[in-house]
Amino acid sequence: MANSTKAEEYEKMSVEQAKASVNSEAESSFSINENTTASGTGLSGKTSVCRQVDTARKRKEFEDDLVKESSSCGEGTPSKKRKLDPEIVPEEKDCGDDEGNSKKRKRETEDVPKDEYSTGDGTQNKRKIALEDVPEKQKNLEEGHSSAVAAHYNELQEVGLEKRSQSRIFYLRNFNNWMKSVLIGEFLEKVRQKKKRDITVLDLGCGKGGDLLKWKKGRINKLVCTDIADVSIKQCQQRYEDMKNRRDSEYIFSAEFITADCSKELLIEKFRDPQMCFDICSCQFVCHYSFESYEQADMMLRNACERLSPGGYFIGTTPNSFELIRRLEASETESFGNEIYTVKFQKKGDYPLFGCKYDFNLEGVVDVPEFLVYFPLLNEMAKKYNMKLVYKKTFLEFYEEKIKNNENKMLLKRMQALEPYPANESSKLVSERVDDYEHAAKYMKNSQVKLPLGTLSKSEWEATSIYLVFAFEKQQ
């Protein structure tokens, strides 16, 4: 609790730095120098942070707060070490994920990581430059990134259920999907408490339509799906038509599908009804592509928030930049990761607020450049559209909070979001590395539990624990 409070205090102070950092004279950045050591399933150790601040005392305050923030969002602290393994999952060979038995289930990792980080100048009384006053060279960042992202997702092949179940990241995908299911379900319920019918949703970066069934189960009335990749949009629309045409199908929402770059194009100009308002905008594993420049990030937020009704929500998942930078600074090179995922930065020590590019690769499924998202900056920018941050948790914090609910726990089992450990005689574990399951083996020895346990391998947990969930509410 103390760590959480400290993290919130740090972010409030950091917002002022974020405002002052973006100026027209030089690129804004913040510098972090950490000495950390690998420990257990994650990274831990004492952190030293160097920032440009006006006094040594304030710098020390920021250092201490960032240490707290890093430890709370990392997976290496002693109190968090067991993470997912205590959850018990019986073997259910015929269980599928929440997305149903359709052969066109969502390829969970069409959605990709993102981040958040630390800030530069700490002088709050210094001139406070408006966020719009971004350096000219930020405005002239190289063209082509958006088309590269679109091309990458257009080239991804649809994979059937059988092949997907054999993937090294099968449980990782299902776990990420469970996180989204719980997040979407929770905020649909909040909307339903305010209005009983005619719920309208904008799915920003819908991919191939992996969340369609979630919206159907949420009994919404209208869905607008947008994505930068035209092939993905066509597959999403086909998946919707397949759902609609099933003989046993219940009522399904109406939908429209738009191919557009939400960071460069104004979506209301493409809506059938430009006056349409939304109750929820969902942006899952997408925000980070927009932080190439201020203009792109602002356009993404405008598209996400401008047409939200008062009391509506902007929800999503995005990488935790504090965690990304912490792991980077702990690495001896400009990259970090394991056999499942890799993150490679261009250099260490200088992390601009916009255009801080890194390459992310996930098991051959995702391989595309992304940009850090400094969350206090995202929070500050969202205020322009009358949005208030009402929820923010790391994936670990979110899991530990939501798994206490029996419905969520049953959904976790149905979706096969955790791997049964130990494997039975007719199956094998997804990882051949013994140390990938040391945490589960240790838990078995120290606790009287019903077997098999449900867990993620160490490698999978390292990959998924770079994310956080968030929700903003539109104010009156």
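Every residue gets a Cβ built from N, Cα and C, even glycine.
From a predicted model like this one, the values you see are computed outputs, not experimental measurements.
Among the candidates ASP242, ASP248, ASP261, ASP273, the one that Swiss-Prot lists alongside LYS180, GLY205, ASP227, GLN284, TYR289 as binding S-adenosyl-L-methionine is ASP261. Listed in sequence order, the recorded positions from LYS208, ASP227, ASP261, HIS288, TYR289, TYR467 having a Cα within 10 Å of the Cα of GLU370 (site 'mRNA cap binding') are HIS288, TYR289. When the alpha carbons of ASP227 (S-adenosyl-L-methionine binding site) and LYS208 (site 'mRNA cap binding') are compared, the span between them is 9 angstrom.
ASN177 (mRNA binding site) sits 20 Å from TYR289 (S-adenosyl-L-methionine binding site), counting Cα to Cα. In sequence order, the binding-site residues near HIS288 (site 'mRNA cap binding') (Cα within 10 Å of its Cα) amount to none of ASN176, LYS180, GLY205, ASP261. Taking the Cα of ASN176 (mRNA binding site) as the reference point, the closest of the recorded positions GLY205, LYS208, ARG239, ASP261, GLN284 is GLN284.
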